[in-house]
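Below: the structure, in structure tokens.
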Amino acid sequence: GALLVSERIDREELCGALSPCSLSFEIVVENPLELYSGAVEIQDINDNDPVFPSSQARLEISESVAAGARFPLESAQDPDVGVNSLQTYQLSANPHFALDVQTRVDGSKYAELVLEKELDREEQRELHLVLTALDGGSPPRSAHVQIHIDVVDANDNAPVFNQSAYKASVRENTPSGTLVARISAYDLDDGPNGDIVYSFSSHTPAKVRELFALDSATGELRVKGQLDYEETKLYEIYLQAKDKGAVPGMAHCKVLVEVVDVNDNAPEVTVTSVYSPVPEDAAPGTVVALLSVTDLDSHDNGLILVQVSDVNDNAPKSSQDSYDVYVLENNVPGIPILNVSATDPDLGRNAHLSYTLLQGDPTVGHIFSINRENGTLYLLSSLDHEYQVEFSMMVQVQDSGSPPLATNVSVSVFVTDLNDNAPTVLYPHPNTTATYTDVVAPGTPAGHMITKVVAVDADAGYNAWISYTLLQATDPSLFSVGLHSGEIFTARQLREDEAPQHTLVILLKDHGEPMLSASATVSISVAEMVKEVFTDLTDMAPANDPRRHVTFYLILAVILVSAAFFITMLSVGIFKCYKWRQSKELFNSSRSTLYRTPGPFHHIDAVRGGFTPPNFYHQVYLTTDSRQSDLLCKKPFTSSPLGSRQSTMRNGEPGLYHQIVGTASRLPTPAE
């Protein structure tokens, strides 16, 4: 006897809006046979959304509608019943409309828009609102409709000019059709209510209408007739703008047109009084007639001008009396380096200036050139700081008057240095086949100067500052080089077992940018005797030199001459010693006046030149009566018994002197 649902029940389909919704049925029971009647009530659930007839609604409302006006809206439908049916409406927030929800007799709801704040099309042309319908279910179901409101224009705005007064000026000879001014007005209304027509105000004089024309659509004011400054200097024109509404709005403005004078009137000369006849002996300055001159034009157009002719009474004047120009050497030929500026207060040809380079120095004309018209000074060739540091010249500025006047301007061009020259080695000379060997004896202590690298740099300043460094050496620990002097010293004491020959490569660098460098090769021989030096020099001679035999004989001759010299000196020394002992008593009494001892022999230059070691000089250059191995010369000053001996010694000394010089002259000099 269970009652079952055989298919899905839809209350809205069975009963629609009827409530309550019930289904009746009968049940037959057998044994015993009985008939029962029953009913099933179908209860509603919130299974349907409210529905609007359309998704959008459009309304047209005039901006002149007063507040409080009501506008009904289409209602939404909800097939549910009871609390699940449509219960209320909601409106999106806005400043103009409110929503009033009403209930019909049957209990259904409808909504109306209520205007709370008047509309203004000029402020907002259209509004967009959203109306929402809600039922009473939990949760509630809803539907939305877009409400588009067009604000219909009303002629509630009058035209407005963008300025109340316009100003314009026009020449009196301006042709017809020339634009004088353009006026402009606007109207916030739409359609005919916003269309503007321009016209002359009703009280505009007829003369103005004859001289000016106004375009009713564009507001352009143009010249129509012939303007005359001498007749009217200023026109005050009143214009108006009207819209095309049923009751047109109107605005006014004025245009001030100033007529500009043109020199269209010739001066008129009137003779007001004439004194006639005039005596022939009348003095200068006697009044002959009175004249009056008038001109209808104004300001400068009405003056009588007396022209004053110019006289060339002003010489050209330069902005500077002298110019100092600094130019880098190795410049590109043809570049401008200076513009000589001058002015002349005269007029016309008297003020036309020309520039000339005075040829004081003939070399200036080959190196510099000046533009005759504008005074631009050009370099015609490349300058060299090492060749010439400064150029002085005179520029003459002359006008074209008669007679011409001129002014001279001095120009000094200074050539600034670039580091374009590498250091040049003077000693040892790099471009020669001869080999210079400096000699140092074994046992020489540390710090002993052996020789010196001599170099020069043709640049100036820091570009010519040379530093010396030891780049390469047979034994780097044995020698050192002065950083700024180029002097070569022993870094430690020389031992007996040192290598006999040493080759040093000295790097010479300047301090320019970019840095330039050179190198010098110095040969140093470690030897005790001169013979060893000469032997080394012989060994160092090139094997394929065709003059090696001549060199050998020259070396042999030097050795023989040196030996003869040594024997001679020894003999002279013995003889002198013998004579000296004989006259010791007399000699001691006058020794301080008989001899003078010059300062020590400065052999450092010879050592620097790379000739022979210092001890060689001490061994060879010996003189008599010397305890310091220095050359001594006797100088007689009074008669004495030793006069004959002094004369003999003096006569014998030139030979000795020539012998010494002759020996030394066979050695190479630093210049060689």
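Even glycines carry a Cβ here, placed using N, Cα and C.
Taken from TrEMBL, the feature domain 'Cadherin' applies to 53-161, 162-269, 319-425, 432-544. Marked as transmembrane segment by TrEMBL: 552-575.
Look at the domain 'Cadherin' (319-425): DSSP puts its residues at 10 helix, 49 strand, 48 coil. For the domain 'Cadherin' (162-269), residue counts in helix, strand and coil come to 10 helix, 48 strand, 50 coil, using DSSP. For the domain 'Cadherin' (432-544), the DSSP-based tally of helix, strand and coil residues reads 15 helix, 44 strand, 54 coil.
Helix, strand and coil residue tallies for the domain 'Cadherin' (53-161), in that order: 3 helix, 54 strand, 52 coil [DSSP]. In the predicted model, the domain 'Cadherin' (432-544) shows an average pLDDT of 83.
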